[in-house]
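Record features, source TrEMBL:
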SIGNAL    1-23  signal peptide
DISULFID  Cys115-Cys120  disulfide bond
BINDING   Arg182, Thr184, Trp195, Ser229, His232, Arg261  FAD binding site
DISULFID  Cys358-Cys361  disulfide bond
ACT_SITE  Cys358  active site, nucleophile
ACT_SITE  Cys361  active site
REGION    448-468  region 'Disordered'
Amino acid sequence: MPRRRHVYRYAAVILYLTELIAASELLSSSSSEGSSSLSGGIIPAQAVLGRPSVGDCGDKPTGPIDATSCDYETVESINNELYDSLHHLLQLPFFKYLQIDLYRGCPFWEDDATCTESTCSIVNVAESEIPEEWRTKTLSKVDPVGGLYHQLDGCYYRDSDFCFLEDPQLGEYYDLTTIPERYTGYTGSSPHQIWQAIYEENCFTPRDSTLKEDEEKCLEEKVYNKIISGLHASISTHICLDNLNQTTGEWGPDIQCYIARVASHPERLEYIYFNTVLLLRAVSRMTPYLKQYDYFHGISQTEIGEAKRSLERVVDIAQHVGKFDESQMFNGLNANSLREDFKAHFRNVSRIMDCIECDQCRLWGKVQTAGLATAMKILFELDENVFNFVPSSSSETVIQRSELAALFNTLNRFSESIQAATQFTAMARPADVKSSKYSYGIRGDSAEKISNAGTEPSESSDADSPFR
């Protein structure tokens with residue numbers, strides 16, 4: 001079991017869990033079995049999305065992003081280009097195919113149920129569709145599990161890893177471009193147990209008991225909390241953006257879901273921006289190393305040209321916007337023990353994802369924890385010289401293809417969440433929706449759904465289900 005505390009040491013954790021309960025109560029006062037109506041308890045969209053937020057700067061955060069050297073306006077200004085470039089890159093086989101063992105089991109408690117909704121299930125890809133050099137037999141010859149690896153049942157890790165990695169001998173292949181991150185109907189006590197266990201991993205090694213809680217919380221703990229809370233907020237945003245209206249049977253954005261889960265707590269959106277900067281910094285730091293991978297196997301020369309331009313745009317954005325100073329982390333007398341604490345906590349989070357009872361939710365939970373863990377390894381564990389690639393060495397020895405694919409897919413998730421926040425804000429102001437269709441990357445049917453959605457909630461609005 002992950003270490004559990006009867007009393008949380010840190011006020012931030014208590015506050016966050018309290019907010020989750022409050023959000024649930026807001027909707028439950030006007031809903032029955034997950035449905036909501038316009039009467040009683042529903043939060044007016046404009047009252048939240050159109051109100052001043054941090055620093056009285058309007059409905060979106062502005063100014064410096066805490067713990068970075070970047071600001072919200074800069075991230076906002078490049079996000080459309082980042083989204084478009086990532087969207088193109090992630091169509092490449094290099095990024096879209098991942099081998100994942102979804103059924104290695106929960107190591108912390110008994111699995112007593114599964115998600116029975118059809119939207120929970122996903123379809124794997126036959127190995128014959130995967131390029132030869134990325135198949136299990138090939139990878140096991142050049143990068144076997146063993147040696148510097150610590151192997152556990154169904155997974156392993158290296159000392160430098162911030163998560164448990166997939167065993168290359170196990171699991172199925174999945175095409176991430178065919179599996180949306182959205183509402184699945186996964187609800188009940190299970191998703192709450194998942195997030196409760198994850199937040200309990202915020203409890204770091206106790207320090208001087210004479211310090212007040214605000215003084216006791218160091219930069220590393222604050223960064224850890226932002227990473228976890230930002231992941232939670234991004235997942236919630238995707239669920240609300242692609243939600244099922246159980247009355248009409250149509251998929252589309254649910255503004256009441258977004259208000260309850262994210263918009264009514266401005267710090268959650270701020271953490272999405274923070275994680276975006278952190279991921280961009282990781283891409284920037286490993287830029288010399290990125291040139292060594294064969295991203296373009298099996299595509300035409302025309303496609304290769306566009307893919308190279310997309311990768312160059314992502315790298316350029318990362319170098320200009322990824323302004324996070326990792327050198328400020330893990331300094332001082334307790335630096336090594338604190339770093340090991342940090343890694344151990346996030347490794348546990350990556351294993352907790354195996355306890356999710358919805359296949360689709362479990363897959364995206366595992367991909368995104370792997371992506372964030374890869375970013376943290378790049379920033380907090382590996383020396384700068386590691387990324388000065390030596391042609392005779394193997395690129396897989398430092399960052400595996402699966403880790404790089406997870407990193408870029410996770411960055412895409414956060415970029416999409418920032419776009420979604422803009423879309424929901426436009427929904428709260430109907431006069432602005434028409435012009436927002438193309439300004440924020442909404443295309444085709446999705447644009448029409450936004451236009452027709454207004455501020456009326458669907459019956460699937462439920463702040464009670466973090467993974468739903």
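Glycine too: its Cβ is placed from the backbone N, Cα and C atoms.
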Calculate the distance in Å between the alpha carbons (Cα) of His232 (FAD binding site) and Cys358 (disulfide bond), and round it to a whole number. 16
Of Arg182, Thr184, Ser229, the binding-site residues lying within 10 angstroms (C-alpha) of Cys358 (disulfide bond) are Thr184
Say you check the Cα of Cys120 (disulfide bond) against those of the binding-site residues Arg182, Thr184, Trp195; which is nearest? Thr184
Thr184 (FAD binding site) to Cys361 (disulfide bond) - Cα separation in whole Å: 8
Could you give the Cα-Cα distance between Arg182 (FAD binding site) and Cys361 (disulfide bond), in whole Å? 8
Quick one: Cα separation, Trp195 (FAD binding site) versus Cys361 (disulfide bond), in Å? 13
How many other Cβ atoms are found within 10 Å of the Cβ atom of Cys361 (disulfide bond), counting all protein chains shown? 28
Which one of these binding-site residues, Arg182, His232, Arg261, has the sparsest Cβ neighbourhood, judged by other Cβ atoms within 10 angstroms? Arg182
Annotated FAD contacts Arg182, Thr184, Trp195, Ser229, His232, Arg261, maximal Cα-Cα distance (Å, integer): 21
Per 10 Å Cβ neighbour count, which of the disulfide-bonded residues Cys120, Cys358 ranks highest? Cys358
Give me the Cα-Cα distance between Cys361 (disulfide bond) and Ser229 (FAD binding site), rounded to a whole Å. 17
